[in-house]
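Trainee: Sharing a structure below in structure tokens format, with a few things to ask.
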Amino acid sequence: MVEFAFDIKHLFPQSIIRVQAHSLSPKVAPCRPYPHTNRGQPTRSSCRLSEILNVMGKLSADAQGLRHAVTSADKLAPDQVVYLMADKAAGHWEITGLLKVGTKDLFVFDQGGCYRRFNQTPAILDFYVHESRQRCGQGKLLFEWMLEKQGWSPQKCSVDRPSNKMLAFMAKHYDLVRTIPQGNNFVLYEGFFDDPITTSKSASGLQATGSIRNQSQGHYKRQEHEQAQVGHGHANRNTVQNDANSGPFRKDQKAVSGTSLYRRRWNSPLTLASMQ
């Protein structure tokens, strides 16, 4: 557990709180190093939260063998969230865990080896539970709280540089063992691409879709031009009727000016297929 020189009880109306950048003190106004000012007034809660983030981020980095902390008050981006956990098992409130999450725009490989872009991908950025609270359900409680608040599912989360403990945690609690190899530092688990969470496509798919769209738009423009001629009397109605009897149109399909019935039948997949 991590103790501080100030009482954290008022910061935790419940055992887990949510911290974002806007709730921290401005960078231009440094916090006082002591829990009370010279006048005996308590320092701002935002200053204390900043100190907690800095201390917990350093402990997390040390536990993972990182040279620099991933979590700090200065590094917290507007679209990131830190979940802090505390308890009073020792008789007073102490910080026991930290979980930092956010979203990332990632280029990733799917199971077929296609290179794809996923925007706003759920990402686990930092996860630390104090050694005195590990293996007693605290980590699972913190992670489940985050999933509920964020509206995420475990298999849809990417994990940034997971430690061996993190990999073991995902395997134990969520049966996530098999990963999809990536070229970046993020780990994706099988199931990430099931029921896609975005509308992104592979590069080849985007090119094919664009080609088909261009062909279809040109085809529709030609049809609209022909329909306009029919609607204004520039086409021979007898010829249209003969074509309807002998071509891909049925006799019950009439050219109706000012309506879209004619065009719907022409553009239907069944009619296009029969013309090819």
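Using N, Cα and C of the backbone, Cβ positions are placed for all residues, glycine too.
Just lifted these from TrEMBL, have a look:
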BINDING   127-140, 163-172  acetyl-CoA binding site
COMPBIAS  236-245  compositional bias 'Polar residues'
DOMAIN    2-193  domain 'N-acetyltransferase'
REGION    214-260  region 'Disordered'
SITE      Gln64  site 'Crucial for catalytic activity'
Trainee: Along the domain 'N-acetyltransferase' (2-193), what average pLDDT does this model show?
Mentor: 90
Trainee: Write down the Cα-Cα distance for Gln64 (site 'Crucial for catalytic activity') and Gly139 (acetyl-CoA binding site), rounded and given in Å.
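Mentor: With distance taken Cα to Cα, Gln64 (site 'Crucial for catalytic activity') is 16 Å from Gly139 (acetyl-CoA binding site).
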Trainee: Among the recorded positions Gln64, Asn164, which residue has its Cβ surrounded by the fewest other Cβ atoms within 10 Å?
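Mentor: Result for the recorded positions Gln64, Asn164: minimum number of other Cβ atoms within 10 Å at Asn164.
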Trainee: Mind giving me a neighbour count for Leu167 (acetyl-CoA binding site)? Other Cβ atoms within 10 Å of its Cβ, every protein chain shown.
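Mentor: Its Cβ has 15 other Cβ atoms within 10 Å.
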Trainee: Between His130 (acetyl-CoA binding site) and Gln64 (site 'Crucial for catalytic activity'), how many Å separate their Cα atoms?
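Mentor: For His130 (acetyl-CoA binding site) versus Gln64 (site 'Crucial for catalytic activity'), the Cα atoms are 12 Å apart.
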Trainee: Just checking, which of Cys136, Met170 (binding-site residues) has the fewest C-beta atoms within 10 Å of its C-beta?
Mentor: Cys136
Trainee: Hey, of Arg133, Cys136, Asn164, Leu167, Met170, which of those binding-site residues are within 10 Å of Gln64 (site 'Crucial for catalytic activity'), Cα to Cα?
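Mentor: Those near Gln64 (site 'Crucial for catalytic activity') - Cα within 10 Å - are Asn164, in sequence order.
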